[in-house]
Each structure stands twice: as C-alpha cells, then as structure tokens.
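Novice: Take a look at this one; I'll ask things after.
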Amino acid sequence: MRVKGIRRNCQHLWIWGTMLFGMWMICSAVEQLWVTVYYGVPVWKEATTTLFCASDAKAYSTEAHKVWATHACVPTNPNPQEVVLENVTENFNMWKNNMVEQMHEDIISLWDQSLKPCVKLTPLCVTLNCIDKNITDWENKTIIGGGEVKNCSFNITTSIRDKVHKEYALFYKLDVVPIKSNNDSSTYTRYRLIHCNTSVITQACSKVSFEPIPIHYCAPAGFAILKCNDKKFNGTGPCTNVSTVQCTHGIRPVVSTQLLLNGSLAEEEIVIRSENFTDNAKTIIVHLNESVEINCTRPNNNVRRRHIHIGPGRAFYTGEIRGNIRQAHCNISRAKWNNTLKQIVEKLREQFKNKTIVFNHSSGGDPEIVTHSFNCGGEFFYCDSTQLFNSTWNVTGISTEGNNNTEENGDTITLPCRIKQIINMWQGVGKAMYAPPIGGQIRCSSNITGLLLTRDGGNSSSREEIFRPGGGNMRDNWRSELYKYKVVKIEPLGVAPTKAKRRVVQREKRAVGAIGAMFLGFLGAAGSTMGAASLTLTVQARQLLSGIVQQQNNLLRAIEAQQHLLQLTVWGIKQLQARVLAVERYLRDQQLLGIWGCSGKLICTTTVPWNASWSNKSMDQIWNNMTWMEWEREIDNYTSLIYNLIEESQNQQEKNEQELLELDKWASLWNWFSITNWLWYIKIFIMIVGGLVGLRIVFSVLSIVNRVRQGYSPLSFQTHLPTPRGPDRPEGTEEEGGERDRDRSVRLVHGFLALIWDDLRSLCLFSYHRLRDLLLIVTRIVELLGRRGWEALKYWWNLLQYWSKELKNSAVGLLNAIAIAVAEGTDRVIEVVQRICRAIIHIPRRIRQGLERALL
C-alpha cells in the first residue's frame, strides 16, 4: 500500500509539473511582429532638385523681364494651397539653401538672355580723342561745364571692313579712362572706355528696361517646399510653425546694393540675420517690419538720338545732350529713416551688448559697392548713401548725427546720384554693359524693405561697433526672400511592424526585414501619429500621380502660349527635366512595390519578421505616440537592409509558388506515361537498387566483423555447413521429424540475380520488422500520452468543478454574512434612532415633572 501511495503521489507531481511547464511556455511566448509596407505616408527628406518658375507675365509684353518670364515660367496657380503641419518641427538654414543658388543662376540667365541680341561694343575699344563738352541747360539758360561730358572722336570700321572713317560720340567722365602720353606735361586728351582692358562690353537694347516682376519658384511633383511661419525666425535652427506649399510667394529680382528694395516685410518686429555675428566677414541682413519709401528722379532732358555704324549689322547709339542728364537724386523721409535706424540699433544691441553702435559710410571698393546702385527706368543710378549711414547711437539710445549741415536738418534726406552708362555687371568678372542715354524725365518710387550691413573688425575690447553698408553679392538679395523656404523630397514608401503576416505558400527558407519611405501630396498628416496618418494613405498616394499630370498640363499650356515662337530654351529643358524626374521617381516606387509583391496596395503585409534590434519599441509606442517622421529617423539606418530582406522573401515566395505550380503536371494520368517521366522512374529505380546493394555490403561487413570478434572465420558465404546432431539424435532427413537445431546454416543460393533477390527479401523483412516495432512503440507512446492527457483533463475538470463549488459556497457565505451584518447593523441603527427620537419627545415631560417636584 505504501508503494502504491508513493506511485500515486509521483503521478500527481508529474501531472503538475507538465501543467506548470506548459503554462510557463505560454506566458513566456512573445507575440511575433512582421514587417508591413505602407505607401503614401507623410515623410520627407532634405533634397536638391530643379525648381521651375511661375509668373503672371503677359506674352505680348516687350519688357525684358516679362519676355524672359513668358519663355521660362508657367502661369501661376489662381488658387494656391498652403497646408499647416501640426506638431511638426523642422530645421532650416538660409545660408546653405540651394534655392538661393538656383535663383542666382536664373537671374543671370534673365540678364544674359535680355542682352543676348544686343550689340557688343568691342570695336569701340580704340583710342578716343576727347575734349570737354559744354552742355546748355535750356531751362535756366546756363552753360554747364566741368568736364562731366567728353566729346570724343575716333576711327571706326564701317559696313565695309577695310574702310575706316572718323566718328564722334559723347561719353561721361566716369565711363572713360585717360591714356598717358609720353610727355607728362601734356594735357590728357587721349582716352579709352573704362572696361575695355578687362571686360566684354555689351550695349543694352533699346527695349531693355530691367523692370522686375514677381517670380514664384515651384517644386516639381514628388517634391514639396516647406515654409517657416515663425514671425521671429532668424534663418537658422528649428522652426515649430511649419507649412507646406507648392510655390513660394512672388519674389521681385531687384538688383541693388546696400539697400534691399521692394521685398517682403517682417510681420512683427525688425529681424537681423547673419551666419555668424561674431565673424565680421559675414554680411548682416536686416529685415524691416515697415518699409521706407525712396523716390528717385532724373530731371527732364532732351536727347537727340543718333547711331554710328560699327560694322555689318551693328550700330552704336549716342546723341546730342541738351540739359544735365547726370543730375539725379533720391529723397527719403528723415523721420522714418531715423525711426528705422533706432529699431535696428535695438536689435543690434541684443547681439553686441553695452556697446555704442556707429553707422558709417562704405570703406571703399567698386562704385557699385561704395554707393547705393540700382536701376531706375532703364538708367543705372549710383547714389551716395553717406547721409543715411552717418550716425552714432550710445547705450541710452540717443543718436548723434555725424554732420551738422543745416541742409540735413530738414524733413527729407536728399541723396545725390550719378548715372553711369558703362556698367560693371554683377553676374561675374569680365562683363560690362553700355546703357544708351534715355530721354525725358525719369521717376521711380521704391520701398526699402531691408539693409545689407558689414561690421568692422579689430579690437574686440572696443566700446563701439562700426557698421557700414555692404552688398555686391546678389545671393544675399535673394537670401533675404528665400530664408523661410526649403525643398524636401517626398518618400512615398514606409515600413513598420504589425501583427499581420502575409499568407503564402509555406517553405522553410525565409528572410527578415522591414522599413520604408513615403509619399505625400499634401503633408497635412505629418504631425499625426502613425496610426492616424495610416488612415489617409489613399488621398496622399493619389496626389503623386495627379501632381505629375498637373505639371505636364502646365508645361503644355506654356508651350501652347508660346507656340508662335517654339523656342526650347534652357527653361524648357528644366521643365521637361522636372517632369521626367517626377515620372522616374513614381515608376521607381511602383517598381519596388512590384518587386515586393505589393502592386496596387496601400498597405501590404510581408513574411519578414521584425527584428527587435531595428527598434525595440512596443506597438503602442510606435502607433499611438510617434509620427511617421520620428519613426523614419528611428529606423533610417536599417532601411536598405529591410528592403533587401523583403525582396529576398518575395523571391523565395515566388520560387515556392513556381514549385507548387509544377506539381500540376501530375494532375493528368496520361502524363505518368510520358517518356520523360519514365526516364525519371528508371533513374529513381537505379538509385534505389544501388542504395540497397550498398546497404547489403555494409551489413555484410558488419556481420563479418561481428563474427570475427566471436572467434568464427567463415570460409565462404556459399559453403553449406552441416548441422551437428546430438548423440541421442541420429542422422536423418528433414522429413523424419524432430526439431532441427537453430545453428543450422542459411539457405545456399546460386547466381547473381538469386543473390540480389535474397538480399532484397532480407532487407525488406528487416525493414518491415523494424518499422513494425517503431509503429508499435509510437502507438504505445501515443496511447500513453492520450491516457495521461485524458486523465490530466479529467483532473483539471474535477479541480475546476471543485474550486467552482468552493468559490460558489464562499460567495454565498460571504453574501449571507454581509446580509446578516447589514440586517443587524440596520436594526441597531433603527433602535438608536428610535431612542433618540423618544428622548427628544420626552424632554417636555421631564421638564414638567421637574417643575412639579420643585413646586412641591
């Protein structure tokens, strides 16, 4: 009985151990995650691409900028859309913005294209014999001299190249350079044009007025322009108020120095921007919040236009000048300018604390840098800005004017201007332009929206900082407008872990993987969590192809508007390049989806298991707390690896499907008798026979080794050895009866086929016996496991019933106890309340009884 009890206890321990092990396996199992591909998620990366321009230029206009714009730009979108990206922070850097470089190249193209049909004045690079020209001012009836205008004669080639004749023309003193003669005491009467030794001079065409029009820069399909809307953004660093646009605002390509004209204004207060305020070599861009009007005038004059033939099909325009053509000036309100300087000083003092701010004139250089140069009505003005930058501001904010001239103390600051006809071009070294004189009065009114300043270096311990007007690098002009934009590339593919797995034809070889990229027509879901953004994939995915189609329509409209010209300029090539790039990116993404087996799907599951080394965040952290941009940064280093694993997994899946389809050829019974199949049968039969023969040889060798170890050496496998009989059993035939000895020899066979048959028979019997034994063992094990499992289930069922009954009884007892306790408590409470009420009711009686006793 004791042994039986011990055995029964061991049985229970084994059952309990099995159940605990199973429960531990279930609880310790981690749910497997799989890579899922998403198409159309809001993710972008910084990129450089070819932008195209849009403008509202009229095709019939002859102004140079508008002619260029109609050839180069598409019409603007009448309903531009701007989508604010909630919960998005993006880094901007205005000093490393490729949009600035593109605009710089485009404006150079604008000027070059405007001047391309104009005449080069290389034949005028000859010796000029000049004398001073007196000009009559017909309004005041006075003679103006001083050598401002030179009347120069020179020899020039006519339409016939071997013929030379003498001509004369009027040049301004600033446009010619004297040539010294051998005799130093002689008067300088020999001159040359100022840029002949360094530049190729081009004469501006008569129709060129250089009047800038707003130009919008647009991103091609598959790209987007991010815009920073922070009102105090300094040009670098993170921006929290971000939106996405397809095109920038209209930017006027105004070429000027020192002062920025007709640009955009800061929304709240003045903003100063510099790549490094401590480096005095870096330009400081001042962005004003209120414009200061500047009115420039060149008084009326009469120009009798004449032209000189300088070769076949080329003419040089000059003329007789009546009136002082060089007398020009610009007016600025003193109060507005001083108020603007005061606000600029406050902002500069934030960077240079407790220092006196000094504004001074330019330190020298080319005339374009020393003066405020700009174009007004086709004439190039060079205005002296000394009066604008001639003040000192101490720490208390009080200004001290550097010049006490009474004329300056008026309400208006008047800047004297000079006009040049030979201009040093800003596009690069070695280019110059001759602007023919323009008759009549010239007026232009502009708005100063910014300043370009440079800071003097030197002793850092000095108590004052000197700022001077700068400029000359037109990239700073464009940078002052493009500071809040950046171009990004939309990545339409994204990958993330999910619990869903693709159902495929099973096979063991599998890969691992996950990650992605994404596309976005509108990036409105960029700040949403991954779970929320995945619900808008259809809208965003459609934007990619529709954006390509829209861009193609814009290009075709532009070509149709110019079909009478059909000039495929560099801008036409840019348009085509942008469209081809968008199509290529779209096809590349579709190709990847096809390779991964996800064609036409926005959400595509895979058989690639998610590796925790890529990201060990939980599903809730990923889908409910992270945006797609944050997730992209998390797994960016593993994107290529996951793409490769998805591709390998899909290749394996296709191989599995191919092998499955190959089994269909056995569906037809007639295919079993194909000669190809018969050859395959013969090959399999030969392999089986060879294997059996090899097994027979192995078993024979093992048998010999076994018998040798027992001390028995057979003479031959085919020798028939008689069986010895005991002394009590005489020799006889088999038919005589009696049990023969077990040690008798095996049957002797003759011939190769008989030997093979005997071996096959023995091998089959051996295999049969072993398989039968194995089957019996497996059956016994399964029966034992089934019985034990059934007993375990019954035990668990009884245990469950027992505990259910116990829990039920406990619950009933608990409810009864609670009911009894509540009832008793309720009775006590009622009794106490009754006593209190009776006591209160009996108070008057007790009082009366007390009074009665007192009276007695």
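Each residue, glycine too, has its Cβ placed from N, Cα and C.
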Novice: Which residue range, 230-240, 362-372, 648-658, is the one Swiss-Prot calls region 'CD4-binding loop'?
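Specialist: Checked against Swiss-Prot: region 'CD4-binding loop' maps to 362-372.
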Novice: Need the cross-check against Swiss-Prot: the disulphide partner of C218, picked from C196, C205, C247.
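Specialist: In Swiss-Prot, C218 forms its recorded disulfide with C247.
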Novice: Going by C-alpha distance, which of the disulfide-bonded residues C53, C196, C598 is nearest to C130 (disulfide bond)?
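Specialist: Result for C130 (disulfide bond): the nearest of the disulfide-bonded residues is C196.
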Novice: What subset of the disulfide-bonded residues C152, C196, C239, C296, C383, C444 lies within 10 angstroms of C247 (disulfide bond), using C-alpha positions?
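Specialist: Those close enough: none at all.
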Novice: Distance between C196 (disulfide bond) and C417 (disulfide bond) at the Cα atoms, whole Å?
Specialist: 25
Novice: Near C125 (disulfide bond), how many other Cβ atoms are within 10 Å of its Cβ?
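Specialist: That number is 15.
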Novice: Just give me the nearest neighbour of C239 (disulfide bond) among the disulfide-bonded residues C73, C296, C330, C417, C604, Cα to Cα.
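Specialist: Spatially nearest to C239 (disulfide bond) by Cα position is C73.
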Novice: Check the Cα distances from C53 (disulfide bond) to each of the disulfide-bonded residues C152, C218, C228, C417, C444, C604 and keep only the ones within 10 Å.
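Specialist: Final answer, ordered: C218.
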Novice: If I take the alpha carbons of C218 (disulfide bond) and C152 (disulfide bond), what is the distance between them in whole Å?
Specialist: 50
Novice: Count the Cβ atoms, other than its own, that fall within 10 Å of the Cβ of C239 (disulfide bond), considering every protein chain shown.
Specialist: 20
